[in-house]
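Trainee: Okay, so Swiss-Prot annotates it like this:
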type     : residues : note
CARBOHYD : 37       : N-linked glycosylation site
CARBOHYD : 160      : N-linked glycosylation site
ACT_SITE : 258      : active site, proton donor
CARBOHYD : 388      : N-linked glycosylation site
ACT_SITE : 492      : active site, nucleophile
CARBOHYD : 552      : N-linked glycosylation site
CARBOHYD : 560      : N-linked glycosylation site
CARBOHYD : 698      : N-linked glycosylation site
TRANSMEM : 701-721  : transmembrane segment
């Protein structure tokens, strides 16, 4: 193809637009966006983090990394083909000191960080990140003053929050977490986070008496806590958009990471939903958490431990908060004030007054989290984004998602933001919960929706791929059915590095992490989904992981890079040093398609890439234009000139640019006329592979025996479950007979 000039794509907000369900470039080609979350380090302040009671002093300047290091990190991500970045920003980073006082140093740092991406052709969207509402609830996100406005006591390093069971705070304190390391998600059901989420979304409905005084236009007024929190959040969003929204490296903003309804929608304050809410450790009911938070020692609080085949089971009951610590600075629980419950001095226990309080509005009608609270706020947020983008040039997408582990809800067009992108998350919940991945994988998504247990078990690597693919396609199909032609991007997906008792740290054998990651990315490819892997965190270390709640997801670590370079027999400054799983993360994919994608697959073992798409046939013998050729990323770490072959559908022309790691493909037949091939977008295919690479998966005898044993256990569980149901039916029938005098 001598003499033909092929342009390499450079992502830029000014040249990306949305057409139906696709992102497209300025040439009308369909973009496949993939990249990383940068980074988990941004969940916590720069070292050293202040004490909880000194939360106003928190600074996030230098998170995720120092500006002088940025060029190397962007170059590394580009070399891996990960050019679509989700930038983690917390509300606390923007406004930690007090309401209305923004950290200008951080905003200047963030702007410079985003500008530094431009020479590398990377593009980003900004995600306002939260987990469990705030660091001061045991997660990340909102500033400490939001909890104080609601009445929580953050004094003395948050001691009363911890002692009263209102929050699990051990995981946000720097260092290796001892004991049970999977407790942080249970924070959503603890008093602090559940209350804050309820107040943020539905304070006017569920806590109308909770007012916050403040000045507006020089006058002191009292506003409902919902209005106070939402106005502050939207003002912080406006500040963020004004600071970076004009940059061509910024192609969008995300409303909120993994929004949660808190208490809204729970059927009874006597229990949480076992099928959707992780029950682990000391796990009080909402009523028990009210009692504990109000400073009462509370008996009969269940303690859950890990089990099989159900994830957890009750193994004991304890008297929680025996010290009588109170989570409220005023010593008054707002839920007691609103008549949800009361403390009985006579019985020395909490009594429910309105057990279904959180499913009704003020008029007694049933509430719906999405329709009544979430969608109205999305519309307010959309207005703020639109009003504060100073430049109309280029795409500013609006990323939104559903409640974690829920499928896309019904979402009317009038409730959707402009340039909407649906951005769900997906993880293998069984691997996350057990910190194990091996011969057997489980479809937790299916189990939560009533799938028979034997259908939810998968054995072997190929089956794990099928498991992941089914779960991803279920999420995508639900979004397609509810939203129609709206782009879908998986904003988070990833694999823990510390699975299987941290064996890989000791042996250097990352095969199980590689298999899980390969299954994950293969599932995304099978569904033609773009994605952001969680997470690229240079601050990661083997001993403390990402230094937040014992999570360890980063496949790159500066600490490991330093060790490897120090111990290397010969000097190496390659960008790959310090990374893991690159054999499955760095893979070919279609960057820009002249036509419509129909299927994508990559076998990381065989190094075999197959891409099918519908593309027009050219009739000109002249050099193809960017509108006419498809551009594929072909990483040189896998595909070498001397060992790579390819085939292409009839009429296909291929140009490989080995230096720039690109394949350009187009289809032509100069013997035809334009009229004869009008609207001809027939299926095309290109296959690229490395000669002689093929690895077969074989089951060992031990693995076969394990599969048989598990299947037998599944049958027994099903049998006894059916016996239990029959016994229940028998008792009901007997009761009916007695009631009718039979």
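Quick reminder: no glycine exception, Cβ is built from N, Cα and C everywhere.
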Trainee: At the Cα level, what's the spacing in Å between residue 388 (N-linked glycosylation site) and the residue listed as 'active site, proton donor', rounded?
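Mentor: Roughly 24 Å, rounded to the nearest whole number.
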Trainee: Give the three-state DSSP assignment (helix, strand or coil) for residue 552 (N-linked glycosylation site).
Mentor: coil
Trainee: Quick one: of the recorded positions 160, 492, 552, 560, which has its CA closest to the CA of the residue listed as 'active site, proton donor'?
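Mentor: Of all the candidates listed, 492 is nearest in space.
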Trainee: In Å, rounded, how far does the Cα of residue 160 (N-linked glycosylation site) sit from the Cα of the residue listed as 'active site, nucleophile'?
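Mentor: About 33 Å separate the Cα atoms of these two residues.
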Trainee: I need the nearest neighbour of residue 492 (active site, nucleophile) among the glycosylation sites 37, 552, 560, using C-alpha distances.
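Mentor: Smallest Cα separation from residue 492 (active site, nucleophile) among 37, 552, 560: 37.
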